[in-house]
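For reference, the structure discussed in these notes is given below.
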Amino acid sequence: MACTSNLSSLSKSWAVLDVPRGAPKATGLWLKRQFIFKTSRICMCMPTPTATQPIATPLIRDNESLLKYLRQPSVLPHEVDDSRKELLGRTRRQLRSTSEPLKAMNLIDTLQRLGLAYHFEDDMNAILSQLSSSGQSDGDLLTTALRFRLLRHNGHKIVQKFMDKNGKFKDSLKEDTMGLLSLYEASHLAANGEDILLEAMELTEAHLKQSLPSLPTQLARKVSSALELPRHRRMARLEARRYIQEYSEEIGHDPNLLELAKLDYNKVQSLHQMELTEISRWWKQLGLVDKLTFARDRPLECFLWTVGILPEPKYSNCRIELAKTIAILLVIDDIFDTHGTIDELVLFTNAIRRWDLEAMEGLPEYMRICYMALYNTTNEICYKILKENGWSVLPYLKATWIDMIEGFMLEASWYNNGQEPNMEEYVANGVTTAGAYMAMVHLFFLIGQGVTEENVKLLMKPYPKLFSCSGRILRLWDDLGTAKEEQERGDLASSIQLFMRENNITCDEEGRKRILQLIDNLWKDLNWELVSRDAMPLAIIKAAFNMARSSQVVYQHEEESYFSSVDNYVESLFFTPIIN
């Protein structure tokens, strides 16, 4: 289905809305799925609020409050959009007229970081294709590493030399902080087997940490930010918000480009508010949480993740439909996690396997309501895809839901029978119950680019490695972000505890360190999927990467509560515009 949006008719609004922070706390099965939006200890890598970047506190969690807020948009002034279009034209001319490779690469890099690259995809691809076909770069370390990172990030097959003729990194590189930083960022796109890049990662990290205390303030800030979270692992829209502030402080920045980035950010924010309005109205009409009062009422947080996975404005419809599936998934997760008896869960699982309305007859009333919501929503998505592209996709979407419900049921049976899975069993099943496969299969058809008979066959079990790598990163980061709170509640057996038991590790810090190493290895596997580009369209590859990025950004730290973290992201992305 073509996922497009009409930006010219959008509006923007912002306000402060104070809503109580209460939210249900998950208890029940000791094998917590904790999908995406459960209470957990995580925090966000957000820019520090400034005078030009006011941060309010919306605390909008329940759908009724969100709907009330979204009824008060103000119209985006036409003169603002006219100015944005003029700046877009000026930037396009600048990009096309830049003949020097380094200047072109720096401009592309800046456009990507400012969240503007989607406007110039054709022009940028032409430049990158020319760079790719021109062979090895003879420039300095900064230029060479930048070229490699841009080409690989955009799906070009590229092997780059970073060594001298003796196969060693030059000692002189240690004094080139910007070059080391560029190489450090590039090294995070390394795949398994690319030993030179992996060695470069260790070398540059060590030298950057060593030099950090003596660096000028602005450069030290850049280095600290990269060491905390490399750019390859950041959420695009959040990086745009952060980098707009950083770019404004850079000496010699392009004021026209900065102005364009601010206007465009606010424009996309207006689009997100319109999308939220549609999702919130749908959720209210669905009425699930009115009947299932134990279930989570968080369409806003569901939408936050879709923006992380699909940041480009053209995927507006995709975000809306994916947010619907996530919202229903959370309700089903709560049924398995906090409410359903084992006998009821068996009935529900069998009904999902049948996938017909008669299957509801033996279910409790609350399960019938949820079953009907899932059945109708999935069929409606299938109808939209059929109408748009002529594809009959119900067998594929239905199969992913069945797989996920069976995964929930497996966890319930482990608990009910007093069984403990091994690490691999837990993680493999946890990818399914985290919704990773469900989300990626839905997106494959919703995006609708590059769909072939060959790659459609890959959407059934066993799922593509692209999906499983991204899903495993999600699963492990989820456990890292929630483990301490789960222990405080008396929950058991996350991947961390299972790994520690299997490897005779008694120190929690060491266990977490080893899980982080597993995640790093999964990123190398994921990077290989970008290098190999077998059968999957680039848009789906990028979505899988973005799912992994979103999970790392969300669950990376433990100092803040989950809701505090989500509040920061939601406020920044959806409700607070960038003002001059």
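Heads up, the Cβ atoms here are built off N, Cα and C, so glycines get one too.
Residues or ranges marked as transit peptide by Swiss-Prot on the basis of sequence analysis: 1-44.
There are 23 other CB atoms within 10 A of the CB of ASP337 (Mg(2+) 1 binding site), with all protein chains counted. Residues or ranges marked as Mg(2+) 1 binding site by Swiss-Prot: ASP333, ASP337.
Taken from Swiss-Prot, the feature motif 'DDXXD motif' covers 333-337, and the record attributes it to a curator's inference.
Marked as Mg(2+) 2 binding site by Swiss-Prot: ASP333, ASP337.
Summarising the annotation, Swiss-Prot assigns Mg(2+) 3 binding site to ASP478, THR482, GLU486. Around THR482 (Mg(2+) 3 binding site), a 10 Å sphere centred on its CB holds 25 further CB atoms from the protein chains shown.
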May I ask for the distance between ASP478 (Mg(2+) 3 binding site) and ASP337 (Mg(2+) 1 binding site), taken between their Cα atoms and rounded to an integer number of Å?
16
When secondary structure is assigned with DSSP, how many helix, strand and coil residues does the motif 'DDXXD motif' (333-337) contain?
5 helix, 0 strand, 0 coil
Sorry to bug you, but what's the C-alpha spacing from ASP333 (Mg(2+) 1 binding site) to THR482 (Mg(2+) 3 binding site), rounded to the closest Å?
16
Using a 10 Å cut-off, grab the number of neighbouring Cβ atoms around the Cβ of ASP478 (Mg(2+) 3 binding site), all chains included.
25
Helix, strand or coil at THR482 (Mg(2+) 3 binding site) [DSSP, three-state]
helix
Measure from the Cβ of ASP333 (Mg(2+) 1 binding site) and count the other Cβ atoms within 10 Å, all protein chains considered.
25
